[in-house]
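Look at TrEMBL and you will find 20-40, 82-100, 112-132, 171-188, 200-223, 286-310, 322-344, 387-406, 426-449, 456-475 tagged as transmembrane segment. The annotation domain 'Major facilitator superfamily (MFS) profile' is assigned in TrEMBL to 27-479.
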Amino acid sequence: MAGAVIVHHHTRYKTYPGEVTGVVFFACFIASVAGCIFGYDIGLTSGLTSTDAFLIKFFPSIYEERKNTVIVNQYCKFDSQVLTLFSSSLFLSAMVAAFFAGPLTRSHGRKWTLFAGGLTYVVGACVSGVAVNFPMLLTGRILVGAGVGLSIQVAPLYISEMAPAQQRGMLNILFQLMITVGILSASMTNYLSSKIPGGWGWRIAVAFGAIPAAVIALGALVIPDTPTSLIVRGDTATARKTLLQIRGVGDVREEFDDLSAASEDAKAVASPWRELFFGGKYKPQLTFALLLPFFQQLTGINVIMFYAPVLFKTVGFKQNASLVSSVITGLVNVFSTFVAVVTADKVGRRALFLQGGTQMIISQILVGTFIGLQFGMSGTGAISEQYAMCIVLFVCVYVAGFAWSWGPMSWLIASEVFPLAVRSPAMSVTVAVNMFFTAFIGQIFLTLLCHLRFGLFYFFGAWVLLMTLFIAMLLPETKNVPVEEMAHVWKKHWFWRKFVIDTSDARSAEMRKRIALEMS
């Protein structure tokens with residue numbers, strides 16, 4: 001990679017001068033709101049699909065079936081593939097949109113892709129909120145999904161390119177923090193809108209998502225595009241000016257030269273998709289781009305967040321109590337994410353992954369055991385208040401572990417490890433895999449619960465054990481490393497170094513010199 005030189009005995013990687021200026025923080029904050037609309041839809045879905053007025057309007061046969069079904073087995077409640085397919089439609093739409101986001105970010109820049117995502121979501125939320133029939137509802141939901149897909153593909157990318165290397169983790173985790181704020185907002189909106197007499201409160205809940213989406217769309221009009229994106233599209237004068245503005249220092253020549261050299265390397269790649277999958281250079285990074293979002297869904301987190309009201313109702317809570325419990329887990333999720341914000345650039349990515357994973361495994365074993373002791377294999381009986389409280393407690397401990405490990409770190413790693421030439425398509429792959437498995441796990445969760453019973457928590461716990469071992473052995477530490485220097489991380493790793501095809505450092509150094517001469 002361009003500028004890939006190792007300096008000082010104390011610092012393993014080059015550091016550029018710069019700090020988190022007001023412009024950088026504001027720009028990263030606007031981009032991070034993309035997480036809010038994603039989280040809002042995760043939380044909203046669970047409330048919608050357990051709201052009687054919504055079901056009567058759009059799924060009357062499911063409502064009747066549910067009302068007339070006498071539940072004996074506590075594990076086999078509310079299983080409707082049609083309803084879960086409706087929930088999944090948003091994430092499948094987001095998956096498709098993520099692939100369009102790749103070329104869009106490359107040709108039109110990061111900020112305009114953010115604008116397109118926010119605007120699409122606003123239209124979708126308004127259409128859903130006023131829907132009078134199922135086709136209209138589905139159209140709105142697909143537009144909302146497209147808005148989510150575009151926004152979450154570009155947001156972590158934008159933040160990683162804007163942030164100084166030393167604070168990249170903290171700023172990027174704003175995105176995950178906003179996911180948790182979105183989930184919490186949805187839980188509270190579900191709860192409050194369910195109190196509105198007349199049964200139309202769900203419309204407010206659905207349309208409410210247009211507010212954060214409008215913040216993204218309007219904010220995108222005023223924030224700068226990333227210097228990287230400007231250089232790639234040939235606007236070097238604006239890129240230099242923006243870099244000076246966002247770094248808050250008088251001299252950005254070294255960083256600008258490195259970005260320009262990386263841009264030249266990127267322009268030399270005719271087909272980024274072919275380069276990513278078949279070029280052979282990016283095997284380590286591609287492994288993480290595919291496996292991190294896959295593993296993130298197999299932690300079982302979306303099962304908890306998606307179906308928190310259903311889950312708590314299943315363990316014996318009443319309608320409002322289950323919504324309140326999901327608000328509690330939402331609050332835990334938000335506050336625990338601050339742990340990652342504060343520590344990601346200090347203790348590093350690996351330490352958070354490993355500690356959080358261990359905490360999640362223990363919690364899942366305990367939750368599964370508590371539910372198993374109460375309902376056994378038959379799923380019959382009621383749950384005592386003490387057991388219910390224990391379940392909520394350890395679900396919260398699990399959510400906290402996720403909120404400072406697999407939640408933020410999966411997005412952060414994917415956005416920071418790729419060179420510019422393939423960064424945008426790689427992020428599309430990460431988002432698409434995440435959306436596909438969000439939809440897939442959501443689709444099969446209730447069926448799995450019915451068949452695996454309390455063993456479902458052991459099932460997810462086993463996956464978390466596997467992925468924690470995967471991180472322990474195969475993830476190199478990436479904290480404080482500039483994104484354009486990331487190639488060295490893989491070259492030094494005991495396992496990945498044998499897969500890294502080393503491009504000529506001499507060629508890169510020569511290119512940097514040539515660009516510096518041209519610019520002077």
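Don't overthink the numbers, they just go from 1 along the chain as shown.
Cβ coordinates come from backbone N, Cα and C, glycine included.
Curation plays no part in TrEMBL annotations; they are all automatic predictions.
The highest tally of CB pairs under 8 A with the transmembrane segment (112-132), across 20-40, 82-100, 171-188, 456-475, is held by 20-40. Between the transmembrane segment (82-100) and the listed ranges 20-40, 200-223, 426-449, 456-475, the one holding the most Cβ pairs under 8 Å is 426-449. Per-residue confidence over the domain 'Major facilitator superfamily (MFS) profile' (27-479) averages 89 (mean pLDDT, predicted model).
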